[in-house]
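Structure first, commentary second.
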Amino acid sequence: MSDSHLTAFDKASKAGFIIALGIVYGDIGTSPLYTMQSLVENQGGVNQVSESFILGSISLIIWTLTLITTIKYVLIALKADNHHEGGIFSLFTLVRKMSPWLIIPAMIGGATLLSDGALTPAVTVTSAIEGLKAVPGLSHIYQNQTNVIITTLVILIVLFGIQRFGTGFIGKIFGPVMFIWFSFLGVSGFFNTLGHLEIFKAINPYYALHLLFSPENHRGIFILGSIFLATTGAEALYSDLGHVGRGNIYVSWPFVKVCIVLSYCGQAAWILANKHSGIELNPFFASVPSQLRVYLVSLATLAAIIASQALISGSFTLVSEAMRLKIFPLFRVTYPGANLGQLYIPVINWILFAVTSCTVLYFRTSAHMEAAYGLAITITMLMTTILLNYYLIKEGVKPFLAHLVMTFFALVEFIFFWASAVKFMHGGYVVVILALAIVFVMFIWHAGTRIVFKYVKSLNLNDYKEQIKQLRDDVCFDLYQTNVVYLSNRMQDYMIDRSILYSILDKRPKRARVYWFVNVQVTDEPYTAKYKVDMMGTDYMVRVNLYLGFRMPQTVPRYLRTIVQDLMESGRLPKQEQEYTITPGRDVGDFRFVLIEERVSNARQLSNFERFIMQTKASIKHVTASPMRWFGLQYSEVTLEVVPLILSDVLKLPIKELVPVEDSEA
């Protein structure tokens, strides 16, 4: 990696500062909409809170943001970039060679992050729309929660509906809108605190610790389940590292944190001033003058939409990375924007929409959604901590020190997990079930791939080079295609899947002028695009290793076109002049891609568990994208061949001949 790239990545700019506000901080920036409301409602309402309770709550929020978001994510996790990319799968690719079991925390963390992403739009948009209950002239309409639900669903329909067109055209306003949002949080919060400056005593962690063990705290340690809502967006901050660069996050986070903390302090000051008023509105909206509330609701709705958009885009990226790491089924991916970073996965988009909409309809109010919110993300953070521990050791930190630091964060996060676990019976089971379903799919896909590698036999290409040459020159067979391309899952030291040679020589001899054996390897770097060619001492057999980053599309024909041109220009591959063509000077022949799918037959070698894995994976494949579409072959000539997973299983089965009995012997 060049020094200039590192400098650009670590450099901050005014434009980068604004962009970071629109991309990185949507989730954590909308937390003030519902965090204080959750704390107050769980304590029994505004009338039931005391000054010490409020001071302790604000102190817990401040120190949670400091320990988890600032220290763990901003100061430690942002250092763990994989060629400028962040997130749990990028972190996993950095450390996966250290231990094979690290795939487990990576899958669990990715699954819980996805399930959390399905709930975030429901919580944020509903919370924003519920602010209309505090707007004079509209409150009588939105006191009816059904109207809140209808408005929320309309916004969600529009939000998920525009994903297919790309969001670049509206993405340009995200940064400025969020700058206005955070500025409003800071300014309004500051003015609300002017009458109660004692609220700033909450900076002292004594008040946080005192509240945890105070009899005034009706929920005990379980209050941390509500406190954690303030920092749920910390994981997204790390995941979006590649979009804005480390330098811009370093510069923008202090501004964001100050504005968020001032907002919480301002709400706390309003509660202290109005705890005997009998007002039971969301402190976030109630703390603003009534004539400004309609503008605040509009701004909050925009901020909620931006936060939701960031989670949706993040989910697409997360699934895309998981597919390329071969731990998730293949789904069709499109790129509606001008760059590879703007991707769209239709199936995931509509699954997210269905889950989000059902969440709104099932829980109805943001208060009920908050009861379920945050449980999954505590698990994601714990999994990230495990991977960070290995990363620190890999980077040369002494194991004892790495274990000490990460054990501290793991302990803090486990306490938050334990405090949030009470949410399971209050709706948290929804995200847990969703996360378990995603983990199950990931496990099946990963385990199925390992089983295939275990049982599919390999043969040495060199041993069959002469046979392939004879077939190439044998005019008794019609020319199958000028170029025949086989995609191989593994190709090392001239070893290749037996099923490929079976297809060329046994199933139906395929005569061609050139045989291509292509293997796509996903690299730990995100944007690699390299290849290696071995002609095997011939001009008719070509081994191609494609090295593509885990964020690169695997459109094989486009890369192969470039490789063919390079080989012909260098003289390693003879030109294939075409007698009949509408393209003058065309010197590349026709191509046919042969895809081989291994299916489970009555394979006696498979255990019952392995057979269950393979049959389940086959069932999942029915609703996923075909390899043809995944490798960009939909506009190419393709042959799909099905072979048994274990070829030897069909070659010879024991069977006994029944000898007919002569009538005379009867």
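Each residue, glycine too, has its Cβ placed from N, Cα and C.
Pulled from Swiss-Prot:
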- 16-36: transmembrane segment (TRANSMEM)
- 58-78: transmembrane segment (TRANSMEM)
- 100-120: transmembrane segment (TRANSMEM)
- 141-161: transmembrane segment (TRANSMEM)
- 165-185: transmembrane segment (TRANSMEM)
- 221-241: transmembrane segment (TRANSMEM)
- 253-273: transmembrane segment (TRANSMEM)
- 294-314: transmembrane segment (TRANSMEM)
- 343-363: transmembrane segment (TRANSMEM)
- 373-393: transmembrane segment (TRANSMEM)
- 399-419: transmembrane segment (TRANSMEM)
- 424-444: transmembrane segment (TRANSMEM)
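Two recorded stretches are said to be in contact when at least 3 C-beta pairs lie under 8 angstroms, sequence spacing 6 or more; the transmembrane segment (221-241) and the transmembrane segment (399-419) meet this definition. Long-range contacts of the transmembrane segment (253-273) within the same chain: residues 17, 21, 25, 28-29, 31-32, 35-36, 40, 46, 49, 51, 54-55, 57-58, 61-62, 65, 69-70, 74, 182-183, 185-186, 188-193, 195-196, 199-200, 202, 230, 237, 283-284, 286-287, each at least 6 residues beyond the stretch ends and with a Cβ under 8 Å from a Cβ of the stretch.
When the stretches 16-36, 58-78, 100-120, 294-314, 399-419 are ranked by Cβ pairs under 8 Å to the transmembrane segment (373-393), first place goes to 100-120. With Cβ pairs under 8 Å as the measure, the transmembrane segment (424-444) is packed most heavily against 100-120, out of 16-36, 100-120, 141-161, 294-314. Against the transmembrane segment (343-363), the recorded stretches 16-36, 58-78, 100-120, 294-314 differ in Cβ pairs under 8 Å, and the greatest number is found for 100-120. Counting Cβ pairs closer than 8 Å to the transmembrane segment (100-120), the top stretch among 16-36, 58-78, 141-161, 294-314 is 294-314. Sequence-remote contacts of a segment are chain residues at least 6 beyond its ends whose Cβ falls under 8 Å from one of its Cβ atoms, and for the transmembrane segment (399-419) they are 67-68, 72, 76, 221-225, 227-228, 375, 378-379, 381-382, 385-386, 388-389, 392-393. Cβ atoms under 8 Å from those of the transmembrane segment (294-314) belong to residues 22-24, 26-27, 29-30, 33, 117, 120-121, 124-125, 127-129, 131-132, 134-135, 137-138, 155-156, 159-160, 163, 167, 174, 177-178, 180-181, 184, 233, 236, 239-240, 284-285, 288, 342, 349, 352 of the same chain, restricted to positions at least 6 beyond its ends.
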